[in-house]
Amino acid sequence: MPPSGPQGTLLLLPLLLLLLLRAVLAVPLERGAPNKEETPATESPDTGLYYHRYLQEVIDVLETDGHFREKLQAANAEDIKSGKLSRELDFVSHHVRTKLDELKRQEVSRLRMLLKAKMDAEQDPNVQVDHLNLLKQFEHLDPQNQHTFEARDLELLIQTATRDLAQYDAAHHEEFKRYEMLKEHERRRYLESLGEEQRKEAERRLEEQQRRHREHPKVNVPGSQAQLKEVWEELDGLDPNRFNPKTFFILHDINSDGVLDEQELEALFTKELEKVYDPKNEEDDMREMEEERLRMREHVMKNVDTNQDRLVTLGEFLASTQRKEFGDTGEGWETVEMHPAYTEEELRRFEEELAAREAELNAKAQRLSQETEALGRSQGRLEAQKRELQQAVLHMEQRKQQQQQQQQQGHKAPAAHPEGQLKFHPDTDDVPVPAPAGDQKEVDTSEKKLLERLPEVEVPQHL
């Protein structure tokens with residue numbers, strides 16, 4: 001019986017979802033067994049799901065309940081996916097349910113923040129919101145109950161994550177396909193932009209890079225005897241003539257949980273990938289290397305993972321070594337460049353999509369340019385009106401000053417007496433002297449015109 005301990009408290013869940021629980025199936029509980037020295041817990045790999053943290057926390061809480069852990073041991077993949085296991089949540093201890101309730105309230109709070117962000121974005125027409133993706137954020141929770149964690153929540157969490165992870169690899173393949181099509185599209189556009197001689201030289205250089213990339217040692221089929229023996233010899237430093245599948249499995253079950261998960265499997269392919277890809281070489285694309293790693297892992301899972309739970313048990317691994325294909329070397333593994341990720345028709349549609357997107361962006365840029373020019377012209381008119389207003393105000397002030405000077409000069413000059421004698425008038429500075437009729441009329445007219453124009457002029461706030 002495998003040793004018990006903290007690493008034996010997790011259960012395998014189909015389709016990588018509950019990868020964090022995988023050790024429970026491999027390590028049964030031993031009641032009354034003496035406590036053994038605890039080994040440091042290994043960090044669980046990120047599933048890539050947007051609710052990964054919530055999923056991880058729910059698993060950590062559930063595995064502390066002895067009753068649920070025992071039911072988890074006895075459950076098979078179908079029990080988990082169908083929701084049968086979720087009903088056992090009714091029998092977990094009160095403090096476990098309390099912790100689960102708090103986790104759900106925290107997740108609901110997080111989703112409410114997302115909803116608030118969505119509403120804020122809707123109020124701004126310039127913000128593009130993917131409403132469908134936002135709504136998907138809620139699919140792993142029971143919308144009828146926002147406060148307590150029930151069996152329905154566990155069932156939804158399992159079903160949603162199982163479905164999402166089943167689509168995870170497909171999404172990666174699609175992303176790689178678009179990457180390859182964009183790369184080919186840019187290559188063709190680059191060649192079209194060159195003159196005839198330059199284009200021939202560029203094509204020759206590209207062909208040379210492709211030739212160097214194809215020249216590599218034979219790549220063994222992942223999971224084959226040749227591939228595993230190479231790891232056994234070069235990575236483990238053991239005698240290839242004494243290859244033992246069971247020992248190999250134990251050596252590469254890094255966290256000793258009784259299964260090889262996807263990360264542990266992918267680590268076995270490093271030596272094969274190094275034959276083809278070198279980050280120092282211009283001709284080797286590291287994005288292609290990661291796609292190659294994914295293809296290798298899928299190949300092994302398809303042929304070894306008989307129950308399709310995305311984990312390889314010791315029994316499944318040993319059974320695969322008995323198959324005829326295990327020792328068949330053949331011509332080796334066919335790499336990515338031997339299997340184009342897209343067809344010419346797919347590339348044509350992709351380029352049409354790019355052209356439409358480019359046209360849309362150009363139209364938007366043109367509209368923005370026109371709006372900028374219109375704002376510039378409006379600003380110019382505003383500046384002209386401001387200068388005209390300033391000149392009118394200055395002119396009016398000058399006229400008033402002239403009138404005041406004329407009034408002062410006319411008031412203080414002594415009047416001549418008819419007999420030739422000067423006659424001085426008493427001081428009447430306190431009495432207002434009206435301006436000449438003609439001048440006063442002209443000032444009134446100027447002020448009236450100025451006041452009539454004021455509503456038409458929008459003076460900036462900084463004036």
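Note: Cβ is positioned from N, Cα and C throughout, glycine not excepted.
According to Swiss-Prot:
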SIGNAL    1-26  signal peptide
MOD_RES   S86  phosphoserine
DNA_BIND  172-218  DNA-binding region
COMPBIAS  193-210  compositional bias 'Basic and acidic residues'
REGION    193-221  region 'Disordered'
MOTIF     303-333  motif 'GBA'
REGION    368-463  region 'Disordered'
MOD_RES   S369  phosphoserine
COMPBIAS  439-463  compositional bias 'Basic and acidic residues'
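In this structure the C-alpha atoms belonging to S86 (phosphoserine) and S369 (phosphoserine) are separated by 59 Å. Look at the compositional bias 'Basic and acidic residues' (193-210): DSSP puts its residues at 15 helix, 0 strand, 3 coil. There are 20 other Cβ atoms within 10 Å of the Cβ belonging to S86 (phosphoserine). For the motif 'GBA' (303-333), the DSSP-based tally of helix, strand and coil residues reads 13 helix, 2 strand, 16 coil. Residue density at S369 (phosphoserine): 10 other Cβ atoms are found within 10 A of its Cβ, drawing on all protein chains shown. Taken together, the residues of the motif 'GBA' (303-333) have an average pLDDT of 87.
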